[in-house]
Amino acid sequence: ESIAVAVNRISVTVSIGSGKPEGRHSDGIHIFCGAMGIHKQEIVQLLWCLLLVNIDHIHCETPNFVIVGADCNNNGDCNTVLTCIDKKCKYPCPGPCQGNTTCEVHDHVPYCACKPGFSGNPFTGCQEEVPVNQCNNNTPCDSLLACINGKCQDPCPGPCYGNTFCVVLKHVPFCGCNPGFSGNSYTGCQEQGSVDQCNDNNNCDKLLACVNGKCKDPCSGLCSDNATCEVHDHVPYCTCMPGFSGNPIIGCKDIARYSHRCLITGSRPPGKKIYRVERFIKVNFYAAFSHCITHGGRLATVESTDENALIKEEIRKTGIRNYEFWTSGTNLGGDWLWMSSGDVLSEFRDWNIPEPNNLGGDEHCLEFYETGSNGYRWNDRGCNKEAYPICE
């Protein structure tokens with residue numbers, strides 16, 4: 001004869017012979033049944049020796065043992081994890097518990113709770129929790145993560161395009177070309193035919209910068225007339241020549257007599273502009289101007305409502321909140337103009353009231369900054385302050 005038994009909820013079939021093995025008592029073996037209710041053909045906590053010897057019979061010793069399906073008049077007739085339902089001892093879970101819940105029984109009563117990551121009423125169904133913002137900036141994030149859309153996330157691949165690798169240092173992703181590829185890792189690396197000289201500035205002499213895969217002089221075309229340019233650790237610095245003063249990028253004035261300012265001008269891009277927010281670096285106005293040039297563009301100009309809206313949309317896509325973004329607007333020479341083109345600001349202007357106010361007497365550069373319910377508006381700011389560049 002065989003009987004189905006359960007050990008730790010695993011069903012096992014055991015043969016029970018009619019003979020009495022030598023050295024065994026004729027009244028079979030006594031075991032203690034577990035507290036968990038089981039079906040009529042199962043026994044909890046079976047002793048391992050049952051699997052080794054034949055016995056006459058099995059006797060279950062526990063005053064509380066009541067099997068599932070036993071007759072009952074009330075809960076007291078059932079095991080504590082069972083409930084008397086329709087005169088039968090039954091397991092009440094999941095019972096009243098609805099979607100995305102757990103159910104446990106204590107003293108005959110089922111208790112419902114939402115699963116981890118869910119919240120709400122477990123008796124009507126729990127919904128997935130909407131995570132709150134972990135961050136507003138990079139500060140609370142691990143150094144290998146960046147604050148993106150309110151969460152500390154891996155910023156890689158981020159700005160890196162095809163055939164590149166990405167590493168993170170102090171929240172900032174850095175791109176490089178994969179072995180066998182070369183070019184600009186921010187626009188995409190190509191399989192090596194004619195090998196480029198560099199992937200980044202580290203491949204170049206400290207007096208050169210990596211521009212479009214070539215080690216070039218970053219001073220070329222950067223500084224205005226009456227200014228000199230020196231390179232330190234790949235970065236160009238402009239300085240007015242002796243006898244001149246002013247902004248060396250816009251133009252240096254003859255100290256002895258007034259001279260017209262010399263501006264860097266560039267051809268206006270044909271058609272609709274494309275703006276790019278460099279959301280992984282924060283630099284001062286002059287470094288932002290240089291950064292856009294060395295990456296094949298120029299610091300942004302804004303001449304219409306449409307262009308203003310385009311920039312705001314690009315800022316919104318970064319997920320960065322409550323911070324500043326550089327344009328090429330400046331009044332270092334007197335009037336407000338776009339340094340990238342040399343043009344005076346058009347009739348369209350989006351200054352936040354009461355800007356520009358030249359607070360502290362040193363706010364001569366134009367930025368976008370968030371103003372609460374008004375969104376991102378124009379503001380004058382100190383040119384040596386740090387912000388994210390907007391290139392076009």
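Numbering starts at 1 and runs along the chain as displayed.
The backbone N, Cα and C atoms fix where each Cβ goes, glycine too.
The domain 'EGF-like' annotation in TrEMBL covers 90-127 (among others). In the domain 'EGF-like' (90-127), helix, strand and coil residues by DSSP number 0 helix, 20 strand, 18 coil.
Sequence annotations record features per position, and here TrEMBL assigns disulfide bond to Cys93-Cys103 (among others). Listed in sequence order, the residues of the same chain lying 6 or more apart from Cys93 (disulfide bond) and placing their CB within less than 8 Å of its CB are Cys103, Glu104, Val105, Pro110.
Per TrEMBL, domain 'EGF-like' is recorded for 216-253 (among others). Counting residues per DSSP class in helix, strand and coil order gives 0 helix, 20 strand, 18 coil for the domain 'EGF-like' (216-253).
If you draw a 10 Å sphere around the CB of Cys229 (disulfide bond), it holds 18 other CB atoms from the protein chains shown. The disulfide bond annotation in TrEMBL covers Cys219-Cys229 (among others).
What TrEMBL records for 275-392 is domain 'C-type lectin'.
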Enumerate same-chain residues with a sequence separation of six or more from Cys219 (disulfide bond) and a Cβ-Cβ distance below 8 A; give 'none' if the list is empty.
Cys229, Glu230, Val231, Pro236, Cys238
Would you mind listing the long-range same-chain contacts of the domain 'EGF-like' (90-127), meaning Cβ under 8 Å and 6+ residues beyond its ends?
37, 68-69, 75, 78, 80-84
Taking the Cβ of Cys103 (disulfide bond) as the centre, count every other Cβ atom within 10 Å, in any protein chain shown.
16
